[in-house]
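Input: a single structure, listed below in C-alpha cells.
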Amino acid sequence: MPNVVVVGAQWGDEGKGKIVDLLTQYADVVVRFQGGNNAGHTLVVDGEKTVLHLIPSGILHPGKSCVIGNGVVCDPEVLVTEIDRLKAKGFLKDDGQLVVSLDAHVIMPWHKAIDIAREKAMGEGKIGTTGRGIGPTYEDKVARRGVRIRDLLDEARLARKVKDRAALAREELARLGATPDLDDAAIVKKFAELGRRIAAYATDVSIWLHRALQNGKQLLFEGAQGTMLDVDHGTYPFVTSSNTVAGNAVVGCGLGPTAVDYVLGISKAYSTRVGGGPYPTELKDETGERLRKIGGEYGATTGRPRRTGWLDALALRYAARVNGLSGIAMTKLDVLTGFDTVKIAVGYRVGGKVLDEMPSDPELIERCEPVYEELPGWSEKLEHLRTWDDLPPRARAYVKRVEELVGVKVIGCSVGADRGETILVENPFRVGKK
Ligand code: GDP
Ligand code: IMO
Ligand code: MG
C-alpha cells in the first residue's frame, strides 16, 4: 500500500495544503512531521476557505485521521483554537480523528518572546521569522531542556520544568533588552489547563502509526515550509529550524525510511519567498508586483507581502535531489495567464562563469544573476480546465520544459485555489514505489 510524502520544493507556500487536501481522499491518515504554526496551509472547498497552521490538511475529510508527529513544535493555544474553529464549522465531529504525539515539543511563552526580541535586536540582518517561537523551541529540544506535550499532562513535572527554563529565558531576554511578563505560576496553570484540553488526542504516535500500517492503512505525510528553508539544505541561516525535506517525514513521526514509497514535490509555476535570504529570481519590478497581485501573494500566517519571481529550475533540480522527488505537482499555473512571455532560470551567472547547479554557499547564491530561458506565454484562462489535453499548447510546453530541466515528471497542475481546480495526470497513490 503506497505511502506518499508531500513536501514544498521551493521556499514554502507552494500550495502544499491544497494538494494534501486533494490527495486525502486516497489516504487513510495524514501526518505532519515538522514545523509548527509558522506554517499556513490554505484549503478552499467550494469557495469556502480554511487556513490551517498545525492540524494536517486532511481534517476536512470526515473519517480520515490526522496526526501531529513528534517532530512538530506545538503551540497548544494555537492547537486548541484550531480545534475549536474546526468544530464550530462542523468539522472534527469525531475527536478520534485527531492524534497528537506525546513527544512533540511545546512552544512556551518565552520561546515566542525570545524569537521576537532576537529579531528586533538583529535589525536589518534579521531572518524575518514568523515570530511564533519556532527556532527557540527547536533549540531547547536539541539542548535537551524542552517541554513536551507529555509534560503538560503532569502538573508537578510541568512546574519543575517551567521553573528551570523560565529562569534561563529571563536572563536571555534581559540581555536582549526585553521585559516580557513571564509569571511562572500563571504559565503552569494555563499550560496544565491546555494539557487537559489536548489530553484526549495525545498518544504514542509511533505505535499508533505502526498499527495503522499493519492494518493496511495508507499514509500521506504533509511537509511544512519548503526545501530552501530546510535547516541543513536551505539557504542557511535564512531558513527555519527544522528539516523540511522528505527524509525527515519518518523521523518526525517514529517510523523508518521503508515506510515511504513516493515523494511528491510541490512547486508554484513561478516562485515566492517570505522573509530574508537569497532569492536569485526575485523580481523587484512591475512584473513581480503583478505576480503578487494576481497570485494573491500575502502570507497565510503573518499577512506579509511575499517576495515574487520567476521559476528557478536550479532550485527545483536541487529540491529533486535532496528530497528524492518521484513527481512534481505544479500549482498556480493559472496565475501565469496573460504574460506575453514567461521565464525560467536555467543558470546562474557569477564571477564571469555560468553555473548550472545551485551552489551550496548561500553568500554565493546572493551574488548570482539568473540566466533566463524565455518561453511564449498564453492568454487563455485555465481555472475551468480539468485534463492535460485541455491546457493551451503553450502552457503545456511550459510545464514540459520544466519537467525536462528538472528531470522529474509533473504529475499534476493546479489551476485555481479550489480543491476541484486541479488537473491530476498521475495519482501517486496508484503509482506506488518510485
Ligand atoms: P502552503 O503553505 O504550501 O499550503 O501554501 P499557502 O496556503 O500558504 O499558499 C498558497 C496560496 O495559493 C493559498 O492562498 C492557496 O489558496 C492558493 N492556491 C493554491 N493553489 C492555487 C492555484 O492553483 N491557483 C491559484 N490561483 N491559487 C492557488
Ligand atoms: P508553509 O508551511 C513560507 C519562513 C519565515 C522566515 C523563515 C524562518 O506555509 O509553507 P521561522 O518562523 O520558521 O523561524 O521563520 O522561514 N517561513 C515560511 N515561509 N511558508 C512557511 O510555511 C514558512 N514558515 C516559515 O518567513 O523567512
Ligand atoms: Mg503557507
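Placement of Cβ uses the backbone N, Cα and C atoms for every residue, glycine included.
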May I ask you to find which of ARG290, ARG292, ARG304 TrEMBL records for the IMP site already listed with ASP13, GLU14, GLY15, LYS16, ASN38, ALA39, GLY40, HIS41, THR130, ARG144, GLN225, THR240?
ARG304
Apart from the site residues ALA300, THR301, THR302, GLY303, ARG304, PRO305, ARG306, the 8 Å Cβ neighbourhood of the substrate centroid comprises GLY40, VAL274, TYR298, GLY299
Listing them in sequence order, which of the binding-site residues THR301, GLY303, ARG304 have their Cα within 10 Å of that of LEU333 (GTP binding site)?
none
Give me the long-range Cβ neighbours of HIS41 (active site, proton donor): same chain, 6+ apart, Cβ under 8 Å, in sequence order.
LYS16, GLY17, LYS18, VAL20, VAL51, LEU52, HIS53, SER57, GLU222, ALA224, ALA300
With THR130 (IMP binding site) as the reference Cα, tell me which of the recorded positions GLY12, LYS141, THR302, PRO305, VAL415 is the closest one.
THR302
